[in-house]
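Undergrad: Submitted below is the structure of interest, expressed as structure tokens.
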Amino acid sequence: MKTIVFKLVTVFVLLGLAPLVLSLFHLNLLSEILILAIFALSLNILVGFTGLVSLGHAAFFGIGAYTAGLVSLNLSNNLLVSMGASIIVSIITAAIIGAFCMRVSGFYFLMLTLAFSQMIYSFIYQSTNITGGSNGLSGIPNAVLSGFEFSNAVYVFYIVLLVFLATYAILGIIVKSPFGQVLIGIRENELRVKATGYNTSVYKYVAFVLAGAFGGLSGSLYTYFNGFIAPSDVYWTMSGNVLIMVLIGGSGTMLGPVLGAALFVILETVVSSYTDSWMLIVGSVFIIFVIFFPKGIVGIGQSLMRLAKKRKLKYDAKRKSKAA
Amino acid sequence: MVEDKILTISGIGKSFGGLTILKDISLEVEKGERIGIIGPNGAGKTTFFNLLVGDIKPTHGKIFHYNKNITKQPNYLRAQNGIARTFQKNNLLNELSVLENLLLVLQRRQGYGHKWFNRREEKQYPDLYLKAYELLETWGLSHRREVIVKSLSYGEQRQIEILLGIASDPSILLLDEPTAGMSQSETNYIVKLLYGLPRELTLMVIEHDLDVVFGLADRMVVLNDGEVLTVGEPDTVRKDERVNKIYIGTGDED
């Protein structure tokens, strides 16, 4: 436990220095990466740890974002109030959708999550008087916390960083906990886990709600970050993007989704400054990863480490034999 | 005296569409009894097990665990209540280590399955790990503890399949062909372990190796074509002509 706290503080201090060295443009890029990393981490609970591939996770991102926006506009722009509302609404939505989706598995689960998220998308798109419809939701006031206004990119960055680290720590513990081990068991062989005496439906349901809650949390951060929400953030392509982040980074690992989100955002930013068809490049990268590196960036890292270790062993042995 | 019967199976049958797999099976199992189940391929042995553990529901008939009607109880609840099974084909968490496979069973039994906010590690759950090490020691698998299951030999995987069944501390253990596909020496090893199981544990064993099952069982059930052909002590069943005809000595007389 102590080492985890130490690691977290180190990362916080290191990343916390970012505003001093990065330009505003790059700082915003980093904020976006961290927000999407939370989003990808939440999906990874389902895809990577429980083995449930969802193609509707944008629903929770959108619900979190719109809830935070609407609460800030109409009720209170207190950070804790709007963020709390986002999480609660996301949990309720996930609890309802999950009750249906848990009845099916595999391909049907994927299609059902897609269907639900598109329903939510079309609701948001058509409720012009509430959500602004295709114009999006604008004019959202800055978040406030006990008199302090998160009025510029640096303040927002710090709140994003804090929430990111908390999310990483909490999910990191959950996946290593006995509960998390059951989820991994379900991913590996649900029949066996059932035969062991676990009510796997309940475990999957909890995982679904957990993923929804953190998905909503990332959405609320996106609202503070952007000050504006477009319905395209709830569209199914968003679900596809986050799935790509998880898979490119390495599903079933904690670091993977974070690296995946980083690579995705960087690719998007860099490539789209050269060509409009940046999705073509992202698509190609995705294909290369799926075929050659199915374990993602983290998998490549692990292979390299193993290779280096082998090399070192060989080198050591050679030196020894020479010395002898 | 009903209390003595750990399982009472009354007239269960299973049909899939028009195809009847099991017709009308009735059997009473005493606590601590060891029952061998034999029969030719397609006799319905595994289906019978699937009905008992609740992986499938019977078309008709009832199953009682002690006095409780468990016919409609889902499989995970039956497992929690002490009806464990091993699978005919190894059915393990192949990408995880031997220890992880075992811990998943033990943490359920110790009631830790829902703990979600601390890491499952030896420091946090010393009793869990101690129990796991103990079992691995007894089963001669200590040195394979950290090995990923899929890289074990078939025989070792088979051993783990049985170990996981026992680790859940069941009152009835259903073993579906425990020695299937094993070499003679591996079979001997498994048989020795099965003989050494505590007497109060009720066993039901489907087995093709007749030497194994006749030696182990107190009572034999012979299934044929979805029906009970005969029930009796191993010696009686061994001499039964009908059994010989359908199962053991086919071809001798013809």
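Here the Cβ of each residue, glycine as well, is placed from N, Cα and C on the backbone.
Residues or ranges marked as transmembrane segment in TrEMBL: A:33-66, A:78-100, A:106-124, A:155-175, A:205-230, A:242-266, A:278-304.
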Undergrad: Any chance the transmembrane segment (A:106-124) and the transmembrane segment (A:78-100) have 3 or more Cβ pairs under 8 A, given the pairs are 6 or more apart in sequence?
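TA: Counting Cβ pairs under 8 Å (6 or more apart in sequence), the transmembrane segment (A:106-124) reaches the transmembrane segment (A:78-100), since there are 3 or more.
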Undergrad: Should the transmembrane segment (A:33-66) and the transmembrane segment (A:278-304) be scored as in contact, given a threshold of at least 3 Cβ pairs under 8 Å and pairs 6 or more apart?
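TA: Judged by the Cβ rule, the two regions do not touch, with the required three close pairs absent.
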Undergrad: If we skip the immediate neighbours and take only residues 6+ beyond the ends of the transmembrane segment (A:242-266), which ones have a Cβ under 8 Å from one of its Cβ atoms?
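TA: Residues 29, 32-34, 36-37, 39-41, 43-44, 47-49, 53-55, 57-58, 61, 168, 171-172, 175, 184, 187, 282, 285-286, 289-290, 295-299 contact the transmembrane segment (A:242-266) from elsewhere in the chain.
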